[in-house]
Amino acid sequence: MLGKALSRWTLAWFASALAFLLAALVLACLGLAGPGRWSGAGALAAVHLFALGWLSQMMLGSLIQFVPVLTARTLILPRLALPALILCGLGTLELAAGFLALEGWPTGTLLAAGPVLLGLGFALALAMLGGTLVAARAWRTQDGATVLTALLALPVLWGTGTGMAWAFEGAGWAAALLPDGLAPHILLGGGFWLTLAAMGVSYRLFPMFLIAPDGGSRLRRAALIAAGVALALLLAALGTLLAGGDPWPLAWGCAAVCALATGLYLAEIRRIWRSRRAPRPEVNMLWSRAALGFLALAALLAIPALTLGGAWAEAAVFAALAGWLSTLTLAQMVKITSFLTWIQVFAPRIGRAPVPMVHDLTDARMAGRSLALWVAGALGGTLALAAQSPATFEISALALLLAALLHGHELIAIRRLRHLPGHLRPDALPPMILPPSDRSFDYDNPRPASA
């Protein structure tokens, strides 16, 4: 049965990530993060709840679902998905608590243990994802090679983050990472791990959703080569920094090649979009265009960010994390959640009863409203950081929080089939988050449809 091939824990990864997103935005609304306030304990907690709890968990959960599609084979060691989720969640919570404790409370082992738990969670995820990609020789395809490059950046990201966290605890060997290691750490996370993974996934999903020709291209190959060169330059810059040298010439070279890779990627997505056969793209693809606009904006802001730092750097990072990556993630969550729900509920009924289309499970208008509010908040936050306006940033953070709540409400409505007419809704539904029972005939753990 088709449902059996799906990852059992994808929705649990998504739910955990959304909870972390809400927590990060609450801290931002309380004024703990904002223009010129990113070095405080509350800001460090909010940033890591957002980057690790929200974006990284969403990406790992998505890859656990996507890699089997990419490789046309089942995931290696799929039972590691739940322990990986638990370890990543606990590690993120411990790290955030450790940062909050820097305000005057003893951190105990929080800053020391948090990265260890995260490292174990990442290792389990890499065993599943990397093992499956390598076994399938996915490096031979451009989308597979892009995802593999992203996975290569993840342990380096963990190493730099662990070093900086332990530097707060007095680890002498990691002192060189503060503060000069911060920029490479951010670039590793937002630019290599998350953005390259998003690029690899979009190479396969965008043609699927747009009904466009799929396959390799010279643009993808050039973008992959540029990304590999940029990653090598960044690793060389990190090595130079740890050796006591000047990493900035290499960092500048890395930034220039990253900008080139971004331009090539955007050109490839434009090519896919122009070749689409779908007369009217669905809501997830319509709002993905806004995410791509934020990616272009972040790339443009990178030059003044490196040259001038300060407000420009804050705006560039926010445009990348809240604008590009989060908008893309939220937009695609609608489609992925609808698809997984359709597979669980309606795939077993094909040929036995009427079944709706996947897009019928979504209220495109409601999803579009929450995404529009998110985009407005992300743009407002970017402008507020560029202008160094704390009040505007807090208003923007409040808009983002409201948008996330509305989006979560729509995802719940999708899971509960609230947008379908009564005659198409089954008498029982699968659990909201936890995987359905394997023992039931329809891969379905009954639950009243009115729940």
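Cβ coordinates come from backbone N, Cα and C, glycine included.
Database features, via TrEMBL:
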TRANSMEM  43-68  transmembrane segment
TRANSMEM  80-102  transmembrane segment
TRANSMEM  108-135  transmembrane segment
TRANSMEM  147-168  transmembrane segment
TRANSMEM  188-210  transmembrane segment
TRANSMEM  222-243  transmembrane segment
TRANSMEM  249-266  transmembrane segment
TRANSMEM  286-306  transmembrane segment
TRANSMEM  371-389  transmembrane segment
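Residues 63, 67, 70, 95, 98, 102, 107, 111-112, 114-115, 118-119, 122, 126, 129-130, 133-134, 138-139, 174-175, 177-178, 181-182, 184-185, 188-189, 192-197, 199-201, 224, 227-228, 231, 235, 238 of the same chain lie 6 or more positions beyond the ends of the transmembrane segment (147-168) yet place their CB under 8 Å from a CB of it. Counting C-beta pairs under 8 angstroms (sequence separation of 6 or more), the transmembrane segment (188-210) fails to reach the transmembrane segment (108-135), with fewer than 3 such pairs. Of the candidate ranges 43-68, 80-102, 108-135, 249-266, 371-389, 249-266 has the most C-beta pairs within less than 8 angstroms of the transmembrane segment (222-243). Within its own chain, the transmembrane segment (43-68) is flanked in space by residues 5-7, 9-10, 12-14, 16-21, 23-25, 27-28, 32-34, 37, 74-75, 81, 84-85, 88-89, 91-93, 95-97, 99-100, 102, 118, 125, 128-129, 132-133, 147, 189-190, 193-194, 197-198, 201, 204-205, 321-322, 325-326, 329, 332-333, 336, 340, which lie at least six positions past its ends and keep a Cβ under 8 Å from the stretch.
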